[in-house]
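Trainee: Take a look at what Swiss-Prot says about it:
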- 209: N6-(pyridoxal phosphate)lysine (MOD_RES)
C-alpha cells in the first residue's frame, strides 16, 4: 500500500478536539470501597442507578482474549450502525468527501452517507456478486475516504474473493471497511488475523447474528490503535448500557455459538435441498450466511402470499441485480418446515 497516513484522512475539527471524559475514565481499577460523588447519580442502589462503564473493560477484555487482539484495537457500539456512523463522522467531511459502496448490499451504508451529507458512489457488483475492481478503482478520487465491503454480503449471501479485497487494501489510501456481520456462518475465515498488517483496514462484527443477542444491540469495530483512538474521541461516553454489557458478557461466557452455528448451517443445507423441488423458484444463490437469496417468477406475488400465511421474509426486488429475488432467513427446524410446506402449496 502506498502513502497511507491516517492523519491525512481524519477531519481537522476531529483531529484537534478533546474527547469528553468522565471522572471515572481516569481510573483503571475500581474497588468496592470507592465513593462515587462525581456524576450526579442517584445514590440509592437498585442495580441500575450508576452509569455504565464508559470503556466497557470487562466485555472488551473477554472479546480481546477470544479474538487474540489488543483491547486498544477495538471499539464497541450500540449496534454496528453506531460504529459505522462514527467512522463517517470522524473521517468524512460533509458536502466534500465521498464513499464507495457495492450494491446490492446492506442499505445502512447509503443511509449513513445521506445523514452525514457524504456522496455515495455506487459501483455495482458483477453478475456473480463479486466486486468489480476496475470500476471501483476508476471511481476513486482525492475525496474518496472509505470503501465498504460486506462479506458475506447482505442480501446476496456470498463472500467476496480474497484477491479482490487484497487489491483494494494494497492500492487504496483511504479506509477499507469489511462488514463481517455474517462471518461465523461462512466457510471463509475472518480478516481479523491481518488487522495489524493493513493500517487502512477496519472490520465490523456483531453479537446480533451468530451470538443470538440482537436485542442487546452490540456492534464491534476492529482497527489499528490509531484509528480506534480517533473514534473514541467522538464516541458517546455511555453508549452501551449496564444491562447490555452484563448480559453480553454472561452469554459469551456460556457461549453456545458453535452449537447454534452448526444447526443453522445444517438447516441452510436442508432448506436449499427443499427449495430445489419448488417449480416457481428459478434460482437459489450460494450462501455463506444465515439466509438464502432465491429468484422466483414473481417476487411480489409470492411475498404477499407468504404474508397472508403469517410468514415474513424479505422482498429484495428493489435492489440492483436482485429482480424478483426474495431473502429467506434460516429459522428453527419447525419454522423452516412450515415455510417449505406453505411454498409447496402455493
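Note that Cβ sites are derived from N, Cα and C of the backbone, with glycine treated the same way.
Just tell me what is around each of these and how deep it sits.
Mentor: Sequence-distant neighbours of residue 209 (N6-(pyridoxal phosphate)lysine) (same chain, six or more apart, CB under 8 Å from its CB) are 181, 182, 184, 185, 290, listed in sequence order.
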Trainee: Helix, strand or coil by DSSP: which one applies to residue 209 (N6-(pyridoxal phosphate)lysine)?
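Mentor: The residue in question, residue 209 (N6-(pyridoxal phosphate)lysine), is coil (DSSP, three-state).
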